[in-house]
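Undergrad: Starting off with a structure, shown below.
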Amino acid sequence: MNISPHTIGFDIDCVVADTMSAFIDLARKEYDVTIKPEQITSFQVEKCLDIPPRIIQDIFSRLLEEPLESGLQPMDHAVSVLTALSIEAPLTFITARPTKKPIDRWLHTILGESVYSKINLIATGEHDGKLPYIKNAGLHSFIDDRVPTCLELAENGFQPIVFSQPWNRGKHDLPSVENWLSIQDLFLNHGTKAQ
Ligand SMILES: [Mg+2]
């Protein structure tokens with residue numbers, strides 16, 4: 001695959017941000033609940049974890065409203081690859097989060113001023129329906145961990161790339177990446193290399 005940095009967009013949670021690790025850490029530290037990554041076999045965590053829904057809701061609210069304070073970290077190599085890409089093209093992030101401000105602040109903090117000045121952040125507020133935003137942003141490829149989003153893109157002539165996570169493995173036949181070093185390889189022919 002050979003993708004132009006100008007035509008790709010990124011989901012944030014579980015692609016740029018290691019939301020799963022933050023969820024697991026908060027569950028352990030604040031609620032004394034132990035969860036293993038491989039237990040999260042569904043995008044809807046309440047379906048696969050035997051934890052009171054109130055706790056799941058609490059943890060998600062904190063990650064949505066206070067991502068910095070709740071310890072949300074970027075995925076390994078995400079910042080260096082995004083930094084390299086930002087030299088080639090603006091960075092577009094499309095998240096299903098309902099509120100933009102907290103994750104905007106998080107992106108500002110983890111990317112730093114100069115990369116942040118090249119971003120376009122869209123918060124759609126719902127898991128379904130990213131397609132029109134991707135279209136309007138003039139993108140052709142999109143990296144997401146949610147299979148229905150990726151399938152909708154493929155059905156409409158776009159190029160989805162699934163970011164592998166326990167809840168999407170074996171559930172699709174689409175191209176996928178395991179980490180940000182594999183994402184970097186998508187642009188090899190465009191000379192983009194993280195330092
Ligand atoms: Mg996601």
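Note: Cβ is positioned from N, Cα and C throughout, glycine not excepted.
Under the heading active site, nucleophile, TrEMBL lists Asp11. Residues or ranges marked as active site, proton donor by TrEMBL: Asp13.
Explain the structural surroundings of these features, please.
TA: Within 10 Å of the C-beta atom of Asp11 (active site, nucleophile) sit 21 other C-beta atoms, taking all shown protein chains into account. Taken residue by residue with DSSP, Asp11 (active site, nucleophile) is part of neither helix nor strand, so it is coil.
In sequence order, Thr19, Leu63, Thr95, Ala96, Arg97, Asp145 constitute the residues six or more apart from Asp13 (active site, proton donor) in its chain with CB-CB distances below 8 Å.
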